[in-house]
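This report concerns only the one structure given below.
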Amino acid sequence: MIHLSLPAALAALLAGLGVYGVLARRNAVLVLIGVELILNAANLLLVTAGSRPGAPLSAGPVITLFVITIAAAEITVALAIILVMFRRTGHIDLTAVPDLSDEPEPAGEGAP
Amino acid sequence: MTTRDIVFVAVGAVTALSALLSVTTKHVVHAALWLLVSLGSLAGAYLVLGQELVGLVQLLVYVGAIVVLVLFALMLTRAPIGPHAEIDTPRWQRVAGAVLGGATTALLASLLLPLFAGATADLDRPSTTTPQIAQAIFGTWVWPFELLSVLLLVALVGAFAVSRIVLQRDGADRHDADHPDHPDHHDSHDDGDRTAATTAVTSEPGTGRVG
């Protein structure tokens, strides 16, 4: 037997830590680490809710597996974008002033 | 406090502490490694909660794939080794972030703790076993499951396309500016140079002039 308020409290704590990680980091990859923590808080909450007696359709663990899959897809695209950003700007600092000079590309920054 | 409660408190303390370290450490690579510890011990928490399938998938996908992908991204973006103050926002912004994170925790806890106040799960007679999860995935949830496979394919193609499109723009711009006479040769040469340092996906020589 386990009291389900313990995993619920851990999920709340992980979500708060993830929000701090997103807000306190400048490195784009480290911001993604905060996003992963928030997603894991959601997963833990789903598992917790799914292990209450009488939860229908096995929804808790099944949706947790789906969220894990979506997280894998999300981080693939996000890391591809971060690598492109590094190749074009030479850094992955999210607070840096964007380089608006048209020197490397004559078409301009806003061109599709 | 039952035995499972005590075990969960121990595993949860490891999870929370390593999560805290992964968002506060000044070492870039250590942040990813602490994330690995945090997600691994969260898999242990799933085991304590009686969901061994979710715990093992967590171990396989998160610890095995996602953290390794994050480590690769850190290496490819030339993450500095050693303590580095440049990865954090200014102090006032971190204080604001801590306040907002604490507010998020307080909000969620004030909502969830009364909701789960008296709830217990008898894990010696679990309500959801692995065969039941399998039957639910391939019965009730089969269409979301199939859609997820499409989503994974779209994410794969999307990640590939993002890196390719920008590479071609780089190559075209470079060729316009520098070498108007030999577009194809310079284009593919430039692509090869750039992709060699980035990802294995985009560095195949046959894909140098797609589209």
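Along the chain as shown, residues are numbered 1 onward.
Just so you know, glycine gets a Cβ as well, placed from its N, Cα and C.
The shown structure was predicted, so the numbers you read here are calculated from the model rather than taken from an experiment.
Outside the transmembrane segment (B:6-24), and at least 6 residues removed from its termini, the chain residues within Cβ reach (under 8 Å) are 30-32, 34-35, 37-38, 41-42, 44-45, 48-49. Annotated transmembrane segment per TrEMBL: B:6-24 (among others), in sequence order.
According to TrEMBL, the feature transmembrane segment maps to B:31-49 (among others).
For B:55-74 (among others), the entry in TrEMBL reads transmembrane segment. Long-range contacts of the transmembrane segment (B:55-74) within the same chain: residues 28-29, 32, 35-36, 39-40, 42-47, each at least 6 residues beyond the stretch ends and with a Cβ under 8 Å from a Cβ of the stretch.
Annotation source TrEMBL lists transmembrane segment at B:95-117 (among others). Within its own chain, the transmembrane segment (B:95-117) is flanked in space by residues 89, which lie at least six positions past its ends and keep a Cβ under 8 Å from the stretch.
Annotation comment: TrEMBL describes B:147-167 (among others) as transmembrane segment.
Annotation comment: TrEMBL describes B:173-211 as region 'Disordered'.
Among the features that TrEMBL reports, compositional bias 'Basic and acidic residues' is placed at B:173-194.
Per TrEMBL, compositional bias 'Polar residues' is recorded for B:196-205.
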